[in-house]
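Engineer: Sharing a structure below in structure tokens format, with a few things to ask.
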Amino acid sequence: MGIIFTKLWRLFNHQEHKVIIVGLDNAGKTTILYQFSMNEVVHTSPTIGSNVEEIVVNNTHFLMWDIGGQESLRSSWNTYYTNTEFVIVVVDSTDRERISVTREELYRMLAHEDLKKAGLLVFANKQDVKGCMTVAEISQSLQLTSVKDHQWHIQACCALTGEGLCQGLEWMMSRLRRFSGGKSWGGSGSLGNTITLNSLVCRNTLGGISVWDTSRWKVSKFFILLSLDKLPELYLVRSTKSV
């Protein structure tokens, strides 16, 4: 697998955008990570240390670190902050008792020097559960409107089905496009070609925004690769390790 990854990386040689996925234990962080990378639900156990996946969307590389959320591990989160461009905070929408703990951890993170330029994406997970907190309730509990020094977005989602995840990913993509001066993140291919990753379609519009939909994938053991006009536009390389 290492050889395949190296060859693909050399072929495209694009900038890598570091993302950390944090939140309290049992929030659904690992489930979200593997929905992004495999488009399926995997059996998970509490993360000790971290999991990491390389997610590539329309030639944009995200290195996503899923960090353990148990109380004893939260003090080590700051060891992952260096060069982080996006912080994904996963909130268990059913856990009303600990939402204040999430808020405390959130503001502690945002005050860290290494995260002063990072964008913030909040996933309000488990929205399929009856009686869960709404996005508005979570936003108010986290006091997100008080966040002035970071671009932020809150997104309702269900990690088990993948619903809402692509919208969060699109927000990160749109923020990168703004900082790149509106350049396209698309690969080879003609105007309007569509390609699919994990139930979402990125449309190469030569500078336009991506569009998300479903269908049309070939899957191999080590990576997912779709070619249009004999050249790959979008692919995913899976690489997992723990520390």
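The backbone N, Cα and C atoms fix where each Cβ goes, glycine too.
Unlike curated entries, TrEMBL annotations are predicted automatically.
The GTP binding site annotation in TrEMBL covers Gly23, Leu24, Asp25, Asn26, Ala27, Gly28, Lys29, Thr30, Gly69, Asn125, Lys126, Gln127, Asp128. Residues annotated as Mg(2+) binding site in TrEMBL: Thr30, Thr47.
Could you place the listed features in the three-dimensional structure?
Structural biologist: Cβ-based neighbour count (10 Å, all protein chains) for Ala27 (GTP binding site) stands at 25.
Cβ-based neighbour count (10 Å, all protein chains) for Thr30 (Mg(2+) binding site) stands at 23. Under DSSP, Thr30 (Mg(2+) binding site) is assigned to a helix (H, G or I) in the three-state scheme.
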Engineer: Using only the residues recorded as binding GTP (Gly23, Leu24, Asp25, Asn26, Ala27, Gly28, Lys29, Thr30, Gly69, Asn125, Lys126, Gln127, Asp128), report the maximum Cα-Cα distance in Å, whole number please.
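Structural biologist: Answer in Å: the longest Cα-Cα distance is 22.
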